[in-house]
Amino acid sequence: MSSARNVLNIIIIICVCFNWGSANGAQKRESGEILTHTIELSSLFPSSSSPCVLSTRASNTKSSLHVTHRHGTCSSLTSDKATTSPDHAEILRLDQARVNSIHSKLSKKLTDRVRQSKSTALPAKDGSIFGSGNYVVSVGIGTPKRDQSLIFDTGSDLTWIQCEPCVQTCYSQKEPIFNPSSSSSYYNVSCSSAACTSLSSATGNSGSCSASTCVYGIQYGDQSFSVGFLAKEKFTLTSSNVFDGVYFGCGENNQGLFTGVAGLLGLGRDKLSFPSQTATTYNKIFSYCLPSSASYTGHLTFGTAGISRSVKFTPISTITEGTSFYGLDIVGITVGGQKLAIAPAVFSTPGALIDSGTVITRLPPKAYAALKDAFKAKMSQYPSASGVSILDTCFDLSGLKTVTIPKVAFSFSGGAVVELGSTGVLYAFKMAQVCLAFAGNSDDTNAAIFGNVQQQTLEVVYDGAGGRVGFSPNGCS
(Lines of atoms letter the chains of each structure in order from A and count residues from 1; the text may use other names and numbers.)
(Lines give C-alpha, C1' and ligand atoms only; values in the text may rest on other atoms or scores of the structure.)
Protein backbone atom coordinates (compact mmCIF):
# COMPACT_ATOMS: atom_id res chain seq x y z
CA MET A 1 0.00 0.00 0.00
CA SER A 2 2.81 2.48 0.88
CA SER A 3 4.40 2.09 -2.57
CA ALA A 4 1.01 2.73 -4.19
CA ARG A 5 0.58 5.89 -2.13
CA ASN A 6 4.04 7.11 -3.17
CA VAL A 7 3.19 6.62 -6.84
CA LEU A 8 -0.08 8.50 -6.33
CA ASN A 9 1.71 11.36 -4.58
CA ILE A 10 4.19 11.63 -7.46
CA ILE A 11 1.33 11.77 -9.98
CA ILE A 12 -0.41 14.51 -7.97
CA ILE A 13 2.78 16.57 -7.77
CA ILE A 14 3.33 16.29 -11.50
CA CYS A 15 -0.25 17.34 -12.21
CA VAL A 16 0.02 20.35 -9.92
CA CYS A 17 3.18 21.51 -11.67
CA PHE A 18 1.54 21.23 -15.11
CA ASN A 19 -1.54 23.09 -13.92
CA TRP A 20 0.48 26.10 -12.69
CA GLY A 21 0.38 27.78 -16.09
CA SER A 22 -3.21 26.85 -16.86
CA ALA A 23 -5.48 29.05 -18.92
CA ASN A 24 -7.27 30.62 -15.97
CA GLY A 25 -3.91 31.81 -14.57
CA ALA A 26 -4.64 30.62 -11.02
CA GLN A 27 -3.53 27.46 -9.29
CA LYS A 28 -6.07 25.93 -6.92
CA ARG A 29 -6.03 23.29 -4.24
CA GLU A 30 -8.65 20.58 -4.43
CA SER A 31 -10.47 22.58 -1.73
CA GLY A 32 -10.86 25.42 -4.24
CA GLU A 33 -8.38 27.71 -2.46
CA ILE A 34 -6.67 29.98 -4.99
CA LEU A 35 -2.90 29.96 -4.56
CA THR A 36 -1.98 32.84 -6.88
CA HIS A 37 -2.58 36.54 -7.42
CA THR A 38 -3.23 37.89 -10.91
CA ILE A 39 -2.13 41.53 -10.99
CA GLU A 40 -2.89 44.22 -13.54
CA LEU A 41 0.58 45.54 -14.29
CA SER A 42 -0.75 49.07 -14.71
CA SER A 43 -1.56 49.03 -10.98
CA LEU A 44 2.16 48.79 -10.21
CA PHE A 45 2.74 52.14 -11.91
CA PRO A 46 -0.01 54.52 -10.70
CA SER A 47 -0.26 57.78 -12.58
CA SER A 48 0.65 60.98 -10.75
CA SER A 49 -2.63 62.41 -12.03
CA SER A 50 -4.72 59.65 -10.47
CA PRO A 51 -7.46 60.99 -8.17
CA CYS A 52 -7.03 60.45 -4.44
CA VAL A 53 -9.18 57.66 -3.00
CA LEU A 54 -9.85 58.15 0.72
CA SER A 55 -9.94 55.33 3.26
CA THR A 56 -13.48 54.83 4.55
CA ARG A 57 -12.01 53.57 7.84
CA ALA A 58 -10.14 56.82 8.40
CA SER A 59 -13.13 58.90 7.33
CA ASN A 60 -15.63 57.14 9.58
CA THR A 61 -13.67 56.42 12.79
CA LYS A 62 -13.37 59.16 15.44
CA SER A 63 -9.87 58.28 16.62
CA SER A 64 -8.51 57.68 13.11
CA LEU A 65 -6.16 59.70 10.90
CA HIS A 66 -5.68 59.42 7.15
CA VAL A 67 -2.33 57.90 6.21
CA THR A 68 -0.80 59.17 2.98
CA HIS A 69 2.29 58.12 1.10
CA ARG A 70 4.79 60.93 1.49
CA HIS A 71 5.19 61.37 -2.27
CA GLY A 72 1.72 60.28 -3.36
CA THR A 73 -1.28 61.90 -5.01
CA CYS A 74 -3.09 62.16 -1.67
CA SER A 75 -0.25 63.90 0.15
CA SER A 76 -0.44 67.62 0.82
CA LEU A 77 3.34 67.64 0.50
CA THR A 78 3.57 66.76 -3.18
CA SER A 79 3.01 70.29 -4.47
CA ASP A 80 6.28 71.27 -2.82
CA LYS A 81 9.15 70.91 -5.29
CA ALA A 82 11.41 70.02 -2.39
CA THR A 83 9.48 66.80 -1.81
CA THR A 84 10.14 65.28 -5.22
CA SER A 85 10.30 61.55 -4.73
CA PRO A 86 13.82 60.14 -4.54
CA ASP A 87 14.66 57.51 -7.12
CA HIS A 88 14.33 53.84 -6.25
CA ALA A 89 18.06 53.39 -5.82
CA GLU A 90 18.08 56.14 -3.19
CA ILE A 91 15.03 54.68 -1.44
CA LEU A 92 16.75 51.31 -1.20
CA ARG A 93 20.04 52.88 -0.08
CA LEU A 94 18.28 54.68 2.75
CA ASP A 95 16.38 51.52 3.57
CA GLN A 96 19.63 49.62 3.99
CA ALA A 97 20.96 52.40 6.24
CA ARG A 98 17.91 52.00 8.45
CA VAL A 99 18.27 48.22 8.55
CA ASN A 100 21.95 48.56 9.47
CA SER A 101 20.94 50.86 12.35
CA ILE A 102 18.33 48.41 13.61
CA HIS A 103 20.78 45.52 13.52
CA SER A 104 23.41 47.63 15.25
CA LYS A 105 21.01 48.66 17.99
CA LEU A 106 19.94 45.08 18.58
CA SER A 107 23.46 43.66 18.53
CA LYS A 108 24.93 46.43 20.71
CA LYS A 109 28.22 46.12 18.85
CA LEU A 110 30.03 49.38 19.43
CA THR A 111 32.00 48.94 16.22
CA ASP A 112 28.75 49.10 14.26
CA ARG A 113 27.56 52.36 15.78
CA VAL A 114 26.78 55.09 13.33
CA ARG A 115 29.34 57.85 13.68
CA GLN A 116 28.14 61.08 15.17
CA SER A 117 27.48 63.96 12.81
CA LYS A 118 29.96 66.75 13.51
CA SER A 119 27.19 69.30 13.12
CA THR A 120 25.47 68.19 16.33
CA ALA A 121 26.46 68.44 19.94
CA LEU A 122 25.31 64.90 20.61
CA PRO A 123 27.49 62.23 22.16
CA ALA A 124 28.04 59.28 19.82
CA LYS A 125 25.75 56.93 21.68
CA ASP A 126 23.18 54.46 20.42
CA GLY A 127 21.80 56.13 17.30
CA SER A 128 18.05 56.09 16.83
CA ILE A 129 16.49 54.53 13.77
CA PHE A 130 15.44 56.47 10.71
CA GLY A 131 15.58 56.05 6.98
CA SER A 132 13.24 56.77 4.12
CA GLY A 133 10.06 57.37 6.13
CA ASN A 134 7.23 56.86 3.67
CA TYR A 135 3.95 57.35 5.52
CA VAL A 136 2.55 60.57 6.90
CA VAL A 137 -0.35 61.68 9.13
CA SER A 138 -1.55 65.17 10.09
CA VAL A 139 -1.77 66.06 13.80
CA GLY A 140 -2.93 69.33 15.36
CA ILE A 141 -0.41 70.78 17.83
CA GLY A 142 -0.82 73.78 20.14
CA THR A 143 -3.56 76.28 21.01
CA PRO A 144 -4.83 77.36 18.59
CA LYS A 145 -3.91 74.12 16.90
CA ARG A 146 -1.55 74.07 13.95
CA ASP A 147 -1.82 71.02 11.70
CA GLN A 148 1.57 69.37 11.28
CA SER A 149 2.49 66.62 8.82
CA LEU A 150 4.39 63.90 10.72
CA ILE A 151 6.09 60.71 9.58
CA PHE A 152 4.83 57.96 11.89
CA ASP A 153 7.38 55.41 12.99
CA THR A 154 7.03 52.28 15.14
CA GLY A 155 10.82 52.17 15.50
CA SER A 156 11.07 55.58 17.20
CA ASP A 157 9.82 56.89 20.54
CA LEU A 158 10.17 60.65 20.90
CA THR A 159 7.73 62.74 18.90
CA TRP A 160 9.28 66.00 17.68
CA ILE A 161 8.62 68.86 15.30
CA GLN A 162 10.62 71.80 13.98
CA CYS A 163 10.16 74.98 16.01
CA GLU A 164 10.88 78.66 15.71
CA PRO A 165 13.39 80.11 16.19
CA CYS A 166 15.73 77.97 14.08
CA VAL A 167 18.95 78.52 16.02
CA GLN A 168 21.25 76.86 13.49
CA THR A 169 19.41 75.14 10.67
CA CYS A 170 15.92 73.92 9.79
CA TYR A 171 15.15 71.89 6.68
CA SER A 172 12.38 72.93 4.28
CA GLN A 173 8.85 71.89 5.31
CA LYS A 174 5.43 72.38 3.73
CA GLU A 175 3.55 73.95 6.65
CA PRO A 176 4.76 77.04 8.52
CA ILE A 177 7.28 76.06 11.19
CA PHE A 178 5.62 75.83 14.62
CA ASN A 179 6.12 78.90 16.82
CA PRO A 180 5.71 77.94 20.52
CA SER A 181 5.33 81.58 21.54
CA SER A 182 2.05 81.64 19.58
CA SER A 183 0.56 78.75 21.57
CA SER A 184 -1.09 79.28 24.95
CA SER A 185 -0.68 75.60 25.90
CA TYR A 186 3.08 75.27 25.39
CA TYR A 187 5.39 74.64 28.37
CA ASN A 188 9.09 73.86 28.54
CA VAL A 189 10.13 70.94 30.74
CA SER A 190 12.61 71.28 33.62
CA CYS A 191 15.91 69.44 33.28
CA SER A 192 15.32 68.01 36.76
CA SER A 193 12.09 66.32 35.71
CA ALA A 194 11.61 62.57 35.34
CA ALA A 195 10.72 63.08 31.68
CA CYS A 196 14.09 64.68 31.00
CA THR A 197 15.82 61.79 32.75
CA SER A 198 13.93 59.30 30.58
CA LEU A 199 15.28 60.82 27.34
CA SER A 200 18.21 58.43 27.49
CA SER A 201 16.04 55.39 26.79
CA ALA A 202 13.82 57.22 24.27
CA THR A 203 16.56 58.82 22.18
CA GLY A 204 19.84 57.12 23.09
CA ASN A 205 21.12 60.43 24.47
CA SER A 206 20.73 61.87 27.99
CA GLY A 207 18.91 65.17 28.36
CA SER A 208 21.00 68.25 29.10
CA CYS A 209 20.28 71.67 30.63
CA SER A 210 19.96 75.16 29.23
CA ALA A 211 18.91 77.68 31.89
CA SER A 212 17.17 74.86 33.82
CA THR A 213 15.22 73.80 30.70
CA CYS A 214 15.61 70.25 29.37
CA VAL A 215 17.38 69.94 26.03
CA TYR A 216 16.97 66.80 23.92
CA GLY A 217 19.07 65.57 21.04
CA ILE A 218 18.30 62.70 18.73
CA GLN A 219 20.36 61.45 15.83
CA TYR A 220 19.40 58.83 13.29
CA GLY A 221 21.19 56.10 11.42
CA ASP A 222 21.25 58.15 8.20
CA GLN A 223 22.92 61.11 10.00
CA SER A 224 19.69 63.12 10.26
CA PHE A 225 19.20 64.80 13.64
CA SER A 226 16.99 67.07 15.74
CA VAL A 227 18.08 69.14 18.75
CA GLY A 228 15.84 71.37 20.84
CA PHE A 229 13.77 71.70 24.00
CA LEU A 230 11.71 68.97 25.59
CA ALA A 231 8.27 70.49 26.06
CA LYS A 232 4.61 69.76 26.82
CA GLU A 233 1.82 70.72 24.47
CA LYS A 234 -1.76 70.01 23.45
CA PHE A 235 -2.13 67.41 20.68
CA THR A 236 -5.35 67.20 18.66
CA LEU A 237 -5.91 64.02 16.67
CA THR A 238 -9.56 64.74 15.91
CA SER A 239 -12.10 67.13 17.42
CA SER A 240 -13.06 64.48 20.00
CA ASN A 241 -9.53 63.18 20.65
CA VAL A 242 -7.52 65.95 22.31
CA PHE A 243 -4.65 65.44 24.76
CA ASP A 244 -3.12 68.05 27.03
CA GLY A 245 0.45 67.97 28.25
CA VAL A 246 1.98 65.59 25.72
CA TYR A 247 5.78 65.47 25.94
CA PHE A 248 7.48 66.20 22.62
CA GLY A 249 10.62 67.70 21.18
CA CYS A 250 10.52 71.29 19.94
CA GLY A 251 13.49 71.21 17.58
CA GLU A 252 15.42 74.38 16.84
CA ASN A 253 18.31 72.67 15.04
CA ASN A 254 17.20 70.01 12.58
CA GLN A 255 18.78 68.48 9.53
CA GLY A 256 18.30 65.48 7.29
CA LEU A 257 15.89 63.62 5.05
CA PHE A 258 12.65 64.85 6.61
CA THR A 259 12.14 67.49 3.90
CA GLY A 260 8.48 68.47 3.51
CA VAL A 261 7.22 67.09 6.82
CA ALA A 262 7.21 68.93 10.14
CA GLY A 263 8.68 66.08 12.17
CA LEU A 264 8.04 62.60 13.47
CA LEU A 265 5.37 60.78 15.51
CA GLY A 266 7.01 58.16 17.71
CA LEU A 267 4.95 54.96 18.07
CA GLY A 268 7.54 52.77 19.80
CA ARG A 269 7.29 51.10 23.23
CA ASP A 270 9.24 53.53 25.42
CA LYS A 271 7.35 55.52 28.06
CA LEU A 272 7.88 58.77 26.10
CA SER A 273 6.26 57.34 22.94
CA PHE A 274 2.83 58.63 21.94
CA PRO A 275 1.03 55.30 22.64
CA SER A 276 2.55 55.20 26.13
CA GLN A 277 1.61 58.81 26.89
CA THR A 278 -2.01 58.23 25.82
CA ALA A 279 -2.28 54.82 27.50
CA THR A 280 -5.04 55.84 29.90
CA THR A 281 -7.28 56.50 26.89
CA TYR A 282 -6.12 53.95 24.33
CA ASN A 283 -4.40 51.32 26.51
CA LYS A 284 -1.35 51.37 24.21
CA ILE A 285 -3.44 50.03 21.33
CA PHE A 286 -3.22 51.41 17.80
CA SER A 287 -3.64 50.02 14.31
CA TYR A 288 -2.89 51.09 10.80
CA CYS A 289 -3.28 50.12 7.18
CA LEU A 290 -0.71 51.23 4.64
CA PRO A 291 -2.37 51.99 1.29
CA SER A 292 -1.83 49.80 -1.74
CA SER A 293 -0.61 52.70 -3.86
CA ALA A 294 0.27 56.38 -3.59
CA SER A 295 -3.18 57.38 -4.91
CA TYR A 296 -4.99 55.88 -1.91
CA THR A 297 -5.03 56.77 1.76
CA GLY A 298 -4.82 54.32 4.61
CA HIS A 299 -5.48 54.90 8.30
CA LEU A 300 -3.75 55.23 11.65
CA THR A 301 -6.28 54.54 14.40
CA PHE A 302 -5.75 54.79 18.15
CA GLY A 303 -7.66 52.49 20.48
CA THR A 304 -9.84 49.55 19.54
CA ALA A 305 -12.34 51.43 17.32
CA GLY A 306 -13.00 49.63 14.07
CA ILE A 307 -10.57 46.77 14.62
CA SER A 308 -11.68 43.73 12.63
CA ARG A 309 -12.87 40.63 14.45
CA SER A 310 -10.80 38.55 12.07
CA VAL A 311 -7.47 39.84 13.42
CA LYS A 312 -4.97 37.05 14.13
CA PHE A 313 -2.56 37.85 16.96
CA THR A 314 0.99 36.76 17.70
CA PRO A 315 2.87 37.54 20.94
CA ILE A 316 5.50 40.29 20.98
CA SER A 317 8.77 38.39 21.20
CA THR A 318 11.54 38.85 23.72
CA ILE A 319 14.14 39.77 21.09
CA THR A 320 13.29 43.43 21.49
CA GLU A 321 13.28 43.69 25.30
CA GLY A 322 15.10 46.84 26.28
CA THR A 323 14.36 48.49 22.93
CA SER A 324 11.37 50.27 21.43
CA PHE A 325 10.85 47.65 18.72
CA TYR A 326 7.91 45.27 18.39
CA GLY A 327 9.36 41.77 18.13
CA LEU A 328 7.81 38.84 16.24
CA ASP A 329 8.54 35.12 16.07
CA ILE A 330 8.39 33.90 12.46
CA VAL A 331 7.90 30.13 12.32
CA GLY A 332 7.39 29.50 8.61
CA ILE A 333 6.79 30.82 5.07
CA THR A 334 4.62 29.36 2.31
CA VAL A 335 4.83 30.11 -1.41
CA GLY A 336 1.93 29.11 -3.62
CA GLY A 337 0.51 27.02 -0.77
CA GLN A 338 3.73 25.05 -0.27
CA LYS A 339 5.54 25.41 3.05
CA LEU A 340 9.23 26.08 2.57
CA ALA A 341 11.71 23.65 4.11
CA ILE A 342 13.36 26.04 6.55
CA ALA A 343 14.78 24.77 9.84
CA PRO A 344 13.14 26.47 12.87
CA ALA A 345 16.53 27.65 14.15
CA VAL A 346 16.98 29.78 11.01
CA PHE A 347 14.28 32.11 12.35
CA SER A 348 14.57 31.56 16.10
CA THR A 349 18.31 32.24 16.36
CA PRO A 350 18.29 35.85 15.07
CA GLY A 351 14.64 36.63 15.91
CA ALA A 352 12.46 39.13 14.04
CA LEU A 353 10.58 42.42 14.39
CA ILE A 354 7.97 44.45 12.54
CA ASP A 355 8.82 47.97 11.46
CA SER A 356 6.70 50.62 9.74
CA GLY A 357 9.76 52.45 8.42
CA THR A 358 11.70 49.60 6.79
CA VAL A 359 10.59 49.28 3.16
CA ILE A 360 11.79 45.82 2.10
CA THR A 361 11.38 42.77 4.34
CA ARG A 362 14.73 41.28 5.39
CA LEU A 363 15.09 37.55 5.99
CA PRO A 364 17.90 35.32 7.32
CA PRO A 365 20.09 34.23 4.38
CA LYS A 366 18.87 30.62 4.34
CA ALA A 367 15.21 31.65 4.57
CA TYR A 368 15.61 34.17 1.78
CA ALA A 369 17.35 31.60 -0.43
CA ALA A 370 14.46 29.17 0.04
CA LEU A 371 11.88 31.89 -0.70
CA LYS A 372 13.73 33.10 -3.78
CA ASP A 373 14.15 29.61 -5.22
CA ALA A 374 10.49 28.70 -4.68
CA PHE A 375 9.27 32.01 -6.13
CA LYS A 376 11.51 31.73 -9.21
CA ALA A 377 10.30 28.18 -9.82
CA LYS A 378 6.68 29.39 -9.79
CA MET A 379 7.59 32.30 -12.10
CA SER A 380 9.55 30.27 -14.65
CA GLN A 381 7.27 31.37 -17.51
CA TYR A 382 8.50 34.97 -17.16
CA PRO A 383 11.96 36.03 -18.42
CA SER A 384 14.39 37.11 -15.74
CA ALA A 385 15.92 40.60 -15.48
CA SER A 386 18.98 42.03 -13.76
CA GLY A 387 18.74 42.86 -10.08
CA VAL A 388 18.74 46.33 -8.54
CA SER A 389 20.54 47.25 -5.32
CA ILE A 390 19.43 44.82 -2.58
CA LEU A 391 16.82 43.14 -4.84
CA ASP A 392 18.28 40.28 -6.85
CA THR A 393 15.23 38.37 -8.14
CA CYS A 394 13.66 40.36 -10.97
CA PHE A 395 11.55 39.73 -14.07
CA ASP A 396 11.04 41.37 -17.45
CA LEU A 397 7.28 41.81 -17.89
CA SER A 398 7.46 44.05 -20.96
CA GLY A 399 4.47 43.79 -23.26
CA LEU A 400 2.25 42.06 -20.72
CA LYS A 401 -0.97 43.39 -19.20
CA THR A 402 -1.14 41.02 -16.25
CA VAL A 403 1.19 38.84 -14.22
CA THR A 404 0.24 35.80 -12.14
CA ILE A 405 2.35 35.36 -9.03
CA PRO A 406 2.25 32.80 -6.22
CA LYS A 407 0.72 33.91 -2.95
CA VAL A 408 3.17 34.33 -0.08
CA ALA A 409 2.16 33.78 3.56
CA PHE A 410 4.02 34.12 6.86
CA SER A 411 3.33 31.95 9.89
CA PHE A 412 3.97 33.46 13.31
CA SER A 413 4.00 31.98 16.80
CA GLY A 414 0.59 31.52 18.36
CA GLY A 415 -0.90 30.15 15.14
CA ALA A 416 -1.23 33.42 13.19
CA VAL A 417 -0.92 32.91 9.44
CA VAL A 418 -0.70 36.14 7.45
CA GLU A 419 -1.22 36.06 3.70
CA LEU A 420 0.39 39.04 2.03
CA GLY A 421 -1.72 41.24 -0.21
CA SER A 422 -1.07 41.22 -3.95
CA THR A 423 0.90 44.48 -3.59
CA GLY A 424 3.08 43.02 -0.83
CA VAL A 425 5.17 40.71 -2.99
CA LEU A 426 6.61 42.76 -5.87
CA TYR A 427 8.62 45.98 -6.13
CA ALA A 428 8.39 47.58 -9.56
CA PHE A 429 11.09 49.77 -11.10
CA LYS A 430 9.83 49.58 -14.68
CA MET A 431 8.00 47.03 -16.82
CA ALA A 432 11.27 45.40 -17.74
CA GLN A 433 12.37 45.20 -14.10
CA VAL A 434 9.80 44.00 -11.56
CA CYS A 435 11.42 42.37 -8.53
CA LEU A 436 10.62 40.14 -5.60
CA ALA A 437 10.28 42.59 -2.69
CA PHE A 438 12.44 40.68 -0.20
CA ALA A 439 16.15 40.70 0.59
CA GLY A 440 18.48 38.51 2.56
CA ASN A 441 20.45 39.70 5.56
CA SER A 442 24.23 39.56 5.28
CA ASP A 443 24.58 37.48 8.44
CA ASP A 444 22.69 34.57 10.01
CA THR A 445 22.60 36.41 13.36
CA ASN A 446 20.88 39.57 12.06
CA ALA A 447 17.20 39.87 12.92
CA ALA A 448 14.54 39.46 10.26
CA ILE A 449 12.46 42.60 9.66
CA PHE A 450 8.85 42.55 8.41
CA GLY A 451 8.81 45.69 6.25
CA ASN A 452 6.17 48.08 5.00
CA VAL A 453 5.83 46.79 1.42
CA GLN A 454 4.68 43.46 2.88
CA GLN A 455 2.32 45.26 5.28
CA GLN A 456 0.42 47.10 2.53
CA THR A 457 -3.40 46.69 2.69
CA LEU A 458 -3.16 44.62 5.90
CA GLU A 459 -4.71 45.88 9.11
CA VAL A 460 -1.79 45.77 11.56
CA VAL A 461 -2.79 46.00 15.22
CA TYR A 462 -0.31 46.85 17.98
CA ASP A 463 -1.59 45.87 21.42
CA GLY A 464 1.17 47.14 23.71
CA ALA A 465 -0.71 46.39 26.92
CA GLY A 466 -1.57 42.88 25.76
CA GLY A 467 1.94 42.23 24.46
CA ARG A 468 0.83 41.20 20.98
CA VAL A 469 0.66 42.26 17.34
CA GLY A 470 -2.21 41.29 15.05
CA PHE A 471 -3.00 41.13 11.34
CA SER A 472 -6.10 40.94 9.17
CA PRO A 473 -6.67 41.38 5.41
CA ASN A 474 -8.29 44.33 3.61
CA GLY A 475 -7.46 46.74 6.42
CA CYS A 476 -7.81 50.03 4.55
CA SER A 477 -11.48 49.64 3.64
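Here the Cβ of each residue, glycine as well, is placed from N, Cα and C on the backbone.
Here's what TrEMBL has on this protein:
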SIGNAL    1-25  signal peptide
DOMAIN    135-472  domain 'Peptidase A1'
ACT_SITE  ASP153  active site
ACT_SITE  ASP355  active site
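For the domain 'Peptidase A1' (135-472), the predicted model reports an average pLDDT of 95. Around ASP355 (active site), a 10 Å sphere centred on its CB holds 25 further CB atoms from the protein chains shown. Within 10 Å of the C-beta atom of ASP153 (active site) sit 26 other C-beta atoms, taking all shown protein chains into account. Rounded to a whole number, the C-alpha distance linking ASP153 (active site) with ASP355 (active site) is 8 angstrom.
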